[in-house]
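The block underneath contains the structure these notes are about, expressed in structure tokens.
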């Protein structure tokens, strides 16, 4: 796929680069390449989260997405050359069988497929039951353990889905693996880009955290390093506009604006900060959607607990089919999220931040 739009090229590189929890180095370098031109300083913490600072005066504002994606890790090679694996992040067994994957080995990347049994030889009872992950395997075309090792495979190698970045027939709709949460990384980059040559009364940090999918771990170390006054977690949200999703379980639709998350299982959004975000959206004519997430959390779950507490909010992008091989979202939602975050940041001066912290906004 030839990409001429530089923003689409960034999306392509971010989503196609492998980076499961604990192995985010390659994605971090892509983020560094795109965010460095807009930052005064780029550093990493000791777990590997990237911190890009713009400015050095006023309240510190943290805009954080997570670098990692859901994937797998090779745990053993069978005598016949098949790979057993452990999920990294939350997977539903029903979306996994017969899907192509790539394995990052010492000899380079090799491809395989999560094996499945043909329906012709399955009993009626077996057809109705999802296969448990512990019973799955990856076929890389090796005939023995020794041959798999010759290919470079070892326990501990990481595995990610294969899904090329694709602009769909409707050019506003984009499909890729790892939108969760490379779209958050893109939002952090684009926010710093939009603040170039713009006066803002604060210091802004665009952050790429590590290991969100296995426990919000990078958020805990990076928020300590930044010590922000205000924090935005930018992440995917669940789209409720497809068959099979009940309206009460997911309220958002793709293309109708970024999500302002009221609460999730890890945090209740700060009411004063939410009020400012909503006022900004209404003032600027930026579409948005309220949403909630009864199960699951975001990096804000760690960020808001730093020190004496950090007023925090989640800005989400409604996304179809998250935690699978291919997810779909709408480009307008990304653009509007960047506008919303950027315009809100411009209002976060010393007085406004102080009022939010005191519960007076």
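Backbone N, Cα and C define each Cβ position, glycine as well.
TrEMBL: automatically predicted annotations, no manual curation.
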Field: Same-site residue for Zn(2+) 1 (record: TrEMBL; known: 66, 235; options: 40, 180, 291)
entry: 180
Message: Need one residue: from 146, 149, 213, the one TrEMBL lists with 180, 323 for Zn(2+) 2.
response: 213
Neighbourhood of residue 213 (Zn(2+) 2 binding site) by C-beta distance under 8 A, where only residues 6 or more apart in the same chain count: 20, 21, 66, 68, 69, 70, 88, 89, 90
Field: Per DSSP, three-state class assigned to residue 323 (Zn(2+) 2 binding site)
entry: coil
- request: Other than 180, 213, 323, which residues of the same chain sit close to Zn(2+) 2? List them in sequence order, counting a residue when its Cβ is within 8 Å of the Cβ centroid of the site.
  value: 69, 70, 89, 90, 181, 236, 322
Statement: Between the C-alpha atoms of residue 323 (Zn(2+) 2 binding site) and residue 212 (active site, proton acceptor), the distance in angstrom, to the nearest integer, is 13
